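Trainee: Here it is, the structure, as structure tokens.
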Amino acid sequence: MNLEKKRSMEALLEPVPFRTHYHLSAYGQVFQLNLSADASFIAPHFIEVHVGDIQKHPPSNLHHCFYRGHVNAQERHTAIFSLCGGLMGTFRSHDGDYFLEPLMTPDGDEHEDDHNKPHLIYRYDFIHKDVSRLRMKCLSSFPVTLSSLMKGINVLQENTSLEYASKNLSVENERNSPHSRKKRFLSYPRYVEVMVTADARMVQHHGRNLQHYVLTLMSIVATIYKDPSIGNQINIIIVKLIVVHNEQEGPAISFNAATTLRNFCLWQQTQNILDDSHPSHHDTAVLITREDICRAREKCDTLGLAELGTMCDPLRSCSISEENGLSAAFTIAHELGHVFNVPHDDSFKCKEVGMKHKYHVMAPSLNYHSSPWTWSKCSQKYITEFLDTGYGECLLDKPNGRIYDFQSQLPGFLYDVNKQCELMFGPGSQVCPYLKQCKRLWCTSAEGIHNGCRTQHMPLADGTECGHGMHCRHGICVKKETEKLPVDGEWGSWGPYSSCTRTCGGGIKSSVRLCDQPEPKHGGRYCVGRRMKFRSCNTETCPKGKKDFREQQCSEFDGKHFNINGLTSTVRWLPKYSGIAMKDRCKLFCRVSGATYYYQLKDRVVDGTPCGTDTNDICVQGLCRQAGCDHVLNSKARRDKCGTCGGDNSSCRTLAGTFNSAHYGYNTVVKIPVGATNLDIYQYSYSGKPEDDNYLALSNAQGNFFLNGNFVVSLSKREINIYGAHFEYSGSNNTVERINSTGWLEEDILLQVLCVGNLYSPDIHYSFNIPIEEEKDLFIWDPYGVWQDCNKMCQGLRKRKIKCIRKSDHLVVHDQKCAHTTPPTAVTEHCNIECELR
């Protein structure tokens, strides 16, 4: 491999960014690296902490080491390198991914001359697949508090069945509530403040080069998250590096991946500062280990582990990655993707997005078809939804101080191909002499070529030379040509509105615009601003008798038992309203008919679904948004106590009463007529204990019971939809038995009380609003309103305000109520008569 460095005169004249060019000759190709300094992934107040080492470690400033750019002027062929101590990093080319590392001396030191020292360059390839070792699987655990019924949504290891610790899945996710409220569906710059921990095995393996090596890995990760295919502006910022010298003083690490993740998550909490504005606060923690982590004994095909959707949760925002060379950067980026709630590219969720054949960063395992530098449409969708629904609020604060906005080197400059083999397969391993290409790194064993070659399906590090004037860039060997200037993305035109999500009751249409006029290029920034807009549609009230919209969505799962114990193919699903956390009201929770336990069947309800029975607000893209009783988004229209949208409380009156007669069996308390609203019914126990032998019941006029009929009483809470109104029942096992509803009844019902046993007198109190028959003579004009201002400063006239009132109680109502009669003549009098006009 030939390595040549040159500086252009243009670069010499540019103080910022500092630019440099390299020519790599390897694999019969020439790669031209055009690089600009970029240490923006290192926080201004980055600190390094050494745990369990009595030696003092003076702070070292490596900000100047890191560069980022492209290969042979190809935008898709990214290069990331550190130039300190040689060239260490990775780049992509047309024929694979390349890695470049400087060779170390036997004592672990680097050669003195950075740019003339011997380097190891290697690439990944898939020739001779029979000798390859595929062990690049990712095991992703699922949140224990919000399990999903869909295979592959949260448990992402194939052939792993979902298990349910509890039938009731209502336990809240412990993610902290957002510290500030931002408008949704806007693209904001995000800053992921990361704490990286390197374990004792990393210290033993890398020695004094550890910090440099880890930062090189993270520079690759930062570049992957800046790729435009992610659809967001995400900046990876390293705020702290913890180096564990004594494993007894760090997190407990073992072969068991799940246990190690759990231990690390607990330990990283002790290293964090909860104040988000503190320069050493981290949003997520990354453990890099050389322990061979396994999902089970003798099943060690796992390279990383993370829990889905835990970003900004200080207790669970963490991941672990096994280091096996520079390609560990892809593992770290992948596991961080899971922390952003991104599933694998082959998951059930991605099928509905229309995944193409090629896998990207979130591939379940790296193979010949993987493209670990770019993100799939599925990944873009789920990371955007995660941020838009408010789960990334902790990422909005930009680190204090000056961010080093010059680009990092490509790791292939620093680690040549043989060094990359050693990092992956151990000392003595060298690049396979007949499998030299950027796409895949093939290496011999320490014993030599006679034992064959093997690969982990990783590309050579970007910046690994692959020919004269050429180097590897994203797995492709490309020429080193002049680096192109960054092009920031700009929004394109708004697309057409989608079809309405509902046929009645207030649906939603949405319009989207893309960051493609132009797309970000050459490291340019992703667009900032609104990416989606919405409008209401089909706002007319649904016809009488139409099924509740959330109930309709639950019923789509009727007959599906999801292999849950005790459920059969005849199962019916009903909506679950009460007991759901406010932040989860736009997820589809359904309960089993005739039972109290419930499950989350979808991550979100259809746009336009009411957030609950006690609000007019509606769900839009998984968020509860303000809406009025007129079913219009952002409307402030509200129902009055009579249930009239925009009413003035004049169209109803309150009917209240008590009941305390006891006869064995069912006793009618009161008939609740059609149009009744705001029902509130209490039954106080006779002795102050729940067991008083009196039980509230509801039936229709024909004697068909909705609640507590046929001498069968419900002890626990219940939710019932009756004639268009949603009723909540406290259960009979309470000293105060209660039924309440805010809806509008479409038919008459009967309130009854079941009296048994000792026939103690019930103590029932009820109230509800009933419509007033709007006969024309009920509303009249009242000419004796307040006096209005005098019409002249001297010798003027003033008159009383004429108002419309309800005759029965003189309540002032809207003038429209009196529109059927002619207003009376205004009552007037002279005013300001003490003066004279001259």
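Each Cβ is built from the backbone N, Cα and C atoms, and glycine gets one as well.
Keep in mind the model is a prediction, meaning the values are calculated, not measured.
What TrEMBL lists as Zn(2+) binding site is Cys138, His334, His338, His344. According to TrEMBL, the feature domain 'Peptidase M12B' maps to 190-399. Taken from TrEMBL, the feature Ca(2+) 2 binding site applies to Glu193, Asp276, Asp397. What TrEMBL records for Glu193, Asp276, Asp283, Cys394, Asp397 is Ca(2+) 1 binding site. Sequence annotations record features per position, and here TrEMBL assigns disulfide bond to Cys265-Cys318, Cys294-Cys300, Cys312-Cys394, Cys350-Cys378, Cys421-Cys443, Cys432-Cys453, Cys438-Cys472, Cys466-Cys477, Cys500-Cys537, Cys504-Cys542, Cys515-Cys527. According to TrEMBL, the feature active site maps to Glu335.
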Trainee: Using Cα coordinates, what distance in whole Å links the residue listed as 'active site' and His344 (Zn(2+) binding site)?
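Mentor: Here the two Cα atoms are 10 Å apart.
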Trainee: For the recorded Ca(2+) 2 site, whose residues are Glu193, Asp276, Asp397, find every other residue on that chain with a C-beta no more than 8 angstroms from the centre of their C-beta atoms, and list them by sequence position.
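Mentor: Neighbours within 8 Å of the Cβ centroid, excluding Glu193, Asp276, Asp397: Tyr191, Ser277, His281, Asp283, Cys394, Leu395, Leu396, Pro399.
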Trainee: To which of the recorded positions Cys312, Cys394, Cys443, Cys500, Cys515 does the lowest count of other Cβ atoms within 10 Å belong?
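Mentor: Output over recorded positions Cys312, Cys394, Cys443, Cys500, Cys515: least Cβ neighbours within 10 Å is Cys500.
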Trainee: Go through Cys265, Cys438, Cys542, our disulfide-bonded residues, and report the one whose Cβ sees the most other Cβ atoms within 10 Å.
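Mentor: Of Cys265, Cys438, Cys542, the one with the most crowded Cβ is Cys438.
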Trainee: Within 10 Å of Cys504 (disulfide bond) (Cα-Cα), which of the recorded positions Glu193, Cys438, Cys527, Cys537?
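Mentor: Among Glu193, Cys438, Cys527, Cys537, the ones whose Cα sits within 10 Å of that of Cys504 (disulfide bond) are Cys537.
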Trainee: Report, in whole Å, the straight Cα-to-Cα distance of Cys438 (disulfide bond) from Cys477 (disulfide bond).
Mentor: 6
Trainee: Cα-Cα separation of Cys537 (disulfide bond) and Cys394 (Ca(2+) 1 binding site), in Å?
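Mentor: Taking the Cα atoms only, Cys537 (disulfide bond) lies 34 Å from Cys394 (Ca(2+) 1 binding site).
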Trainee: Looking at the domain 'Peptidase M12B' (190-399) alone, can you tell me the average pLDDT?
Mentor: 90
Trainee: Near Cys294 (disulfide bond), which residues of its chain come within a Cβ-Cβ distance under 8 Å, counting only those 6 or more away in sequence?
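Mentor: Correct list: Phe255, Asn256, Ala257, Cys300, Asp301, Thr302.
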Trainee: Roughly how many angstrom lie between the C-alpha atoms of Asp283 (Ca(2+) 1 binding site) and Cys312 (disulfide bond)?
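Mentor: That comes out at 6 Å between the alpha carbons.
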